[in-house]
Structures are given as C-alpha cells and as structure tokens.
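> Got a structure for you, written out below as structure tokens; questions coming shortly.
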Amino acid sequence: MSETPDQFLILGIETSCDETAAAVVSNGDTVVSSVVSSQVDLHARYGGVVPEIASRAHVELLTPAVAQALVESGIEGNELHAVAATVGPGLAGALLVGISAAKAYALAWGLPFIGVNHMEAHLYACFLEEPDLEPPLVVLLVSGGHTMLVAMDAHGQYRLLGTTVDDAVGEAFDKVARVMGLGYPGGPAIDNVALTGDPTAVKFPRAMPQGLDFSLSGLKTAVIRYVRDNPETPVADVAASFQAAVVDVLVDKTRRAVAEVGASTVCLGGGVAANSLLRERILDLCTEEGLRCFLPSRSMCTDNAAMVAAAAWWRYRADGATPLDIGAQPNLRLA
Ligand code: KG4
Ligand code: ZN
C-alpha cells in the first residue's frame, strides 16, 4: 500500500449465507453506512437456508444494497479506496455472487480488491466497535456453521484452540427450534421464548469432549427426543433448559481456554453471540476472573458487511490487495 489517506474508505460486501449486505467503513473503525437485506422470509418456509435460493436472492438484492450503502454514505464509488468481499467460508454459489460483484466494482472504479475470511470478519466486529481492543485475546466464535475457540496472538495470527466435533452451535439452535415449532431462524426464537421458561425444568446432557473441543449433537438429539416424548412440557421450559445446557458448555470451555492461554481479554463473535444468556454468562465469567470482556452489539454479531470492511482494512495493511484470480473458498479456515 503506497500511501494511506486520512480516511481509508472500504466498501464491504457479504453474501456467504442468507444475508445480502453492503457497508462503507472508514479506517476499520467507523461505520459510514451499513445495509443488511435479510432473506429470512424466503428460507423460513423450508425451515433452513436453501443454497440455490440464497444465490439467486443475492443476485437480486446485492446491487440495490450496494447502491443504498453508497447513497447513505454520501460517497461516490470512485471516492472509495478499496472494495472487499467475503471469500469463505460459506455457500459456494452465494459467495460467488459477492466476490464477482466486488471484483467488478473494484475494476470499474480502479480500486484494490480485498478478500476476507468470514470468521475473521466476525472477530473484527469487535475491533470495529472497540478500537482500543488489543491482542492477545481469546475469542469464542459461534455461528450457524462454526463453533470455535481461537487464540488471537496478534492481528492476523490465530491458533485454533477448540472446535465442534459434530454440529455447530447455531445449527443446534436452529434444529431444536424447528422441532419445537418455533420457526427459522431458531436462535433468536429460542432466546426469546426461554426468557419465560425454567432453565432447570429438564436436565439435558452437557457433553464435555477432551480438551477444548465441543460436541453438540448428543444434546440436540436429547432435546428432539424429549420434545417428542413429552409434548405436555411447556415449550418455554424446554427452550430455557436447552439454552442453559448449551451455554454451560460454551462458558466452561471458554473458562478453560482462557486459563490455558493465560489470556486477559475475551471476545465473542458470530450470530449466536447475540444470545442473551451467553452474553450474561460470559460477562459473569470475565467479572469473576478479572478479565477484559468485549461483546459486540447484537446487530454486529449476526452477518453484516461492516465487519467485512473492518477485517479488510487490517488484512489490506498486512498483505495488500488480494489477487483477482481468487475464487470462492467454501471451507476456508481461520487457523
Ligand atoms: O453469524 P450468523 O449470522 O451466520 C453464519 O455465519 O452462520 O449466525 C447465524 C446463526 C443462526 O444459527 C441463528 O439461529 C443464530 O446465529 N442466532 C442466535 C441468536 N441470534 C442468531 N442463536 C442464539 N441466540 C440468538 N439470539
Ligand atoms: Zn456469520
């Protein structure tokens, strides 16, 4: 990167799953505009994301989302300094829509293109909202497709401490909610209905596989079986009991990760980081252990493009532009 203007403006694009999003972010820490066009209604009738429908919806929704992000920012395309898009992990066809569009905008405006890892973007949502945050830190990244405990030693340097051996935590929320008739996406629905339930009503299993890994399929199956066998138990009690079991496991493993790494800062990222009980319990953990804690705002936890532009700013300063021959990387790893 030859020279850095005072305000380095990046257009971020996010299309890895079922949110079509565009945002303009300045210097990785100031959101100038952020637009999220949710496809939830399109997928809800199928009880989950249908990849082909997601790709087609991204094609329809992306250009208007970018136009709106630019209008709201008051910035013309050629006044930007770079265009970024999520290149993975995610749904191949969905990713391709955002990547192709971002490259086209970059070429048309003569700007560098920056490819971003979606999970790194979830982490950088924290730096976007809390610019004085500093590594080293431990981050719990929990989304629809991923469940990871990661040690961030420095910007761009990660160690995977633990991950799920089966289902991702968001996936477990969504499947359990579907069986309880709570609709899609299940996470927010369970969070909401659990507020009025008794978390001790049903004792669901808390699987603790070795080390810092997670296993959620046993819990998911136990809840599904319980709901079928005990239709009279109030949904709120089942939801609260399931949520309590998930959060117990997540918080316990985070506590161990912090001890193992000797970290003094803990962050959360990903859609499930919007969960009320998880936020409360991670805050309690940090208070008990005297740790600095940062929880992104709920809208910054779920998929958006501002986090993509924020991660892109750091990525560009470290590595410069991404070659334009990069394609979609559905299984891209963080570490
Ligand atoms: O990060 P995200 O928006 O998309 C992916 O990268 O997957 O995460 C979506 C996931 C879904 O499984 C959704 O049910 C879950 O995050 N989620 C929640 C909450 N809000 C969204 N899970 C639990 N509690 C919530 N409040
Ligand atoms: Zn995500």
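Just so it is clear, glycine is given a Cβ too, placed from its N, Cα and C backbone atoms.
I grabbed these lines from TrEMBL:
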BINDING   His118, His122, Asp303  Fe cation binding site
BINDING   Leu141, Val142, Ser143, Gly144, Gly145, Asp174, Gly187, Asp191, Asn275  substrate binding site
DOMAIN    30-309  domain 'Gcp-like'
> Which of the three DSSP states, helix, strand or coil, fits Asp303 (Fe cation binding site)?
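Assignment for Asp303 (Fe cation binding site) reads coil.
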> Using a Cβ cut-off of under 6 Å to any atom of ligand 2, determine which of the binding-site residues Ser143, Gly145, Gly187, Asn275, Asp303 qualify.
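Only Ser143, Asp303 qualify.
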> Cβ within 8 Å of the Fe cation site centroid (His118, His122, Asp303 excluded): which residues?
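Sorted by sequence, the hits are Glu14, Ser16, Cys17, Thr86, Met119, Ala121, Ser143, Gly269, Gly270, Gly271, Asn304, Met307, Val308.
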> Cα-Cα separation of His122 (Fe cation binding site) and Gly145 (substrate binding site), in Å?
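His122 (Fe cation binding site) to Gly145 (substrate binding site), Cα-Cα distance: 12 Å.
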> Would you identify which of the binding-site residues His118, His122 has the most other C-beta atoms lying within 10 angstroms of its C-beta?
His122
> Within 10 angstroms of the C-beta of Gly145 (substrate binding site), what count of other C-beta atoms is obtained when all protein chains are considered?
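Other Cβ atoms within 10 Å of Gly145 (substrate binding site): 21.
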> Hey, does DSSP put Leu141 (substrate binding site) in a helix, a strand, or just coil?
strand
> Among Leu141, Val142, Ser143, Gly144, Gly145, Asp174, Gly187, Asp191, Asn275, which the record lists as binding substrate, how far apart in Å are the two most distant Cα atoms?
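Spelled out: the longest distance between any two Cα atoms in Leu141, Val142, Ser143, Gly144, Gly145, Asp174, Gly187, Asp191, Asn275 is 18 Å.
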> Give the helix, strand or coil assignment DSSP yields for His118 (Fe cation binding site).
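Its secondary structure by DSSP: helix.
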